């Protein structure tokens with residue numbers, strides 16, 4: 001954990017180190033991933049089954065790649081009713097938020113009489129990658145699948161590895177609740193390859209979303225262009241801006257909720273009160289003695305945790321904008337005033353009773369958010385990821401007469417004669433028509 | 001050129017061949033591009049200057065990397081006034097369309113009293129790549145830069161290679177008109193690296209857009225994640241749906257306007273009239289005897305051109321959806337009715353007097369569009385490429401009481417104890433407060 005004060009002489013250097021440490025660090029898995037993708041592309045199902053045997057120790061055939069409806073119903077029956085209720089609270093709120101996101105088509109007629117605009121159209125098919133083992137989070141299934149369903153995507157295929165056959169029943173229940181249409185027990189780069197290129201059993205999709213390990217991330221990067229992908233997810237992070245009126249233990253828990261994700265997760269407190277900062281640091285240490293995931297959270301806190309002491313809350317927001325956090329908590333009296341100054345953050349949580357953990361599950365906005373400072377240019381998952389736009393332009397002879405000549409001039413300047421002719425031939429035809437007497 | 005009829009016995013096979021031929025074909029330039037990027041990252045300006053000398057045969061120093069205001073003014077003075085006027089017609093129409101695209105922020109308060117929504121925020125800095133030499137299209141400068149300016153991006157840096165020092169004055173005039181703030185005479189993977197990672201002279205940007213050769217495309221792919229990129233552009237393509245009432249020569253010119261871009265460009269006619277199809281094929285051949293870019297257009301037409309004869313216009317749209325074209329012309333009596341059935345196309349051009357060439361220059365919608373069948377999941381360039389969303393969630397004690405317990409249940413199910421505690425500690429505090437008498 002680094003404790004920095006903006007009044008320290010070496011603050012700028014130390015803060016720059018903090019920033020660069022948060023950039024994406026790629027693992028060198030180019031070659032093995034390329035080999036796996038080539039093998040899927042060449043041998044389809046047989047490669048997929050062989051790789052699943054090899055990496056997940058699971059014997060599988062093309063016939064058993066997909067989970068059957070009975071398996072899914074059985075999984076659902078294993079889940080406690082209160083958990084299914086909680087899943088439903090989450091699903092309903094996520095649905096409501098993403099419905100509110102749906103954009104409207106645009107259309108207008110301009111001064112030369114052209115009608116132009118754009119239509120939003122859902123993707124035909126989407127692939128959802130869900131990590132297996134401990135990282136199999138049912139909440140992520142909801143967050144990835146529901147926006148696609150709300151956007152109107154017809155087909156939603158999901159791949160989840162089941163190491164040695166182990167599956168989290170709540171993941172299947174979440175997939176069913178979210179409207180996933182096909183679920184396959186495969187993972188890794190081979191699952192990404194199967195969804196991108198298709199096999200005899202798994203039809204190809206148009207876009208692949210969902211988190212995964214370094215192999216999955218690299219596979220998504222390599223199939224990008226052939227299909228769409230979401231952002232490459234790095235370690236999760238939070239910046240908590242808090243004044244001294246918050247309970248130090250509560251703020252410590254917010255930081256640890258981030259740190260417990262994995263050893264690379266990044267939790268940062270920014271506060272104008274040095275005494276409060278120390279109280280939070282002490283509370284973190286105290287909680288690290290009792291938390292079940294203390295070894296993970298402790299490793300994260302020690303290596304990437306940061307406490308920044310600032311002159312005032314405005315300086316706090318300015319630093320947060322530099323950090324471009326995935327999650328930003330504003331635990332202050334007037335969070336809206338601070339939020340108005342925020343330029344770079346995936347998602348913001350406003351007010352002392354609105355911690356990030358609420359947003360991770362039941363807030364409504366998506367919890368798949370830009371990591372590794374990519375909030376500078378990227379956004380959280382949304383219905384926009386599952387829609388695309390077709391623009392259109394419609395015009396008759398009069399509009400062509402007015403704006404055609406400018407296009408002809410530019411086409412000639414670019415040396416594209418056929419471009420110019422495709423317009424001027426139409427203008428010539430109009431001129432010839434006009435020159436012909438009506439009764440001629 | 002392939003002439004296929006949907007009533008042919010082998011149509012499905014032949015059409016499938018057409019589809020797979022249109023997928024992106026990557027060149028193997030991974031390694032040289034990775035080396036160039038590593039060199040820029042390590043040595044900054046000195047690597048950039050050395051690589052510019054090597055690839056563009058241009059001696060350049062950090063001091064002469066940028067075009068000065070006088071150079072830009074001189075370039076502008078070299079451009080014919082009518083061409084500057086045409087540029088202005090194009091710029092104004094592109095501005096108007098992209099202003100109409102600007103989305104609204106979203107905000108609502110729900111039944112548990114939470115206020116949630118999302119804000120659109122422009123990127124701080126964008127890099128625009130412009131190819132040099134013959135492919136230096138001023139129209140592309142407008143199409144890439146104007147949406148960024150309209151979105152509110154503060155800093156817009158442009159890189160354009162100037163092989164042996166040669167620059168197209170109209171490109172500089174277009175950059176100035178579009179509001180580009182910095183222009184550098186560098187190109188290739190080294191330019192992409194400089195914009196992504198920054199050098200002493202070129203500050204890093206947050207997103208890089210613009211077309212380029214295989215090296216530029218691969219460089220964008222490799223810096224993706226560190227910065228945002230636009231889609232990787234493949235060969236340009238058009239599908240023209242035309243009935244027999246169109247002039248065959250005009251339709252032939254529309255096809256050739258696509259084919260003249262480069263040898264890999266793809267032009268396809270779909271028509272229900274076999275006689276009209278043959279008349280267009282004949283007109284293409286006739287024009288290929290007179291066009292200035294006949295060798296390029298002819299090579300494209302012979303290798304990738306296609307004429308598909310269909311039963312009716314509905315079948316024509318169905319095939320077009322499979323082809324997911326970058327450009328779709330609907331040269332028929334009632335184009336709106338056909339357009340309603342279009343699911344996959346970058347941009348549509350409706351009506352006999354609205355050819356694609358109008359949209360390439362002065363239509364208003366963007367001409368940077370998804371190629372290689374990526375219209376299945378991708379969209380044309382727009383203000384959305386230069387904005388990102390920050391979602392927000394705001395709630396008080398009452399909202400937390402209502403939805404907090406569901407989040408706690410899900411956090412426990414996912415084994416994330418600190419997540420659960422960050423909510424339950426707040427709920428406990430509320431309970432303790434409620435249990436304390438008001439005057440206690």
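Just so you know, glycine gets a Cβ as well, placed from its N, Cα and C.
Binding site for substrate per TrEMBL: B:236, B:258, B:261, B:360, B:414, B:419, plus B:327 from the candidate set B:98, B:322, B:327. As a whole number, the greatest separation of Cα atoms within the substrate-binding residue list B:236, B:258, B:261, B:327, B:360, B:414, B:419 is 56 Å. Within the same chain, residues at least six positions away from residue B:258 (substrate binding site) with a Cβ under 8 Å of its Cβ are B:236, B:237, B:238, B:265, B:266, B:267, B:300, B:327, B:356.
Note: the Cα of residue B:360 (substrate binding site) and the Cα of residue B:326 (active site, proton acceptor) are spaced 12 Å from each other. Other Cβ atoms within 10 Å of the Cβ of residue B:419 (substrate binding site), summed over all protein chains shown, number 30. Working note on the binding-site residues B:129, B:213, B:236, B:414: by count of other C-beta atoms within 10 Å of each C-beta, B:129 ranks first. In the three-state DSSP reading, residue B:327 (substrate binding site) counts as strand. If you compare Cα positions, residue B:190 (NAD(+) binding site) sits closest to B:261 out of the binding-site residues B:261, B:414, B:419. Under 8 angstroms separates no C-beta among the recorded positions B:129, B:190, B:326 from a C-beta of chain A. For residue B:326 (active site, proton acceptor), the same-chain residues lying six or more positions away in sequence with a CB closer than 8 A to its CB are B:236, B:237, B:238, B:345, B:346, B:347, B:369, B:370, B:371, B:375.
Counting every protein chain shown, 28 other Cβ atoms lie within 10 Å of the Cβ of residue B:360 (substrate binding site).
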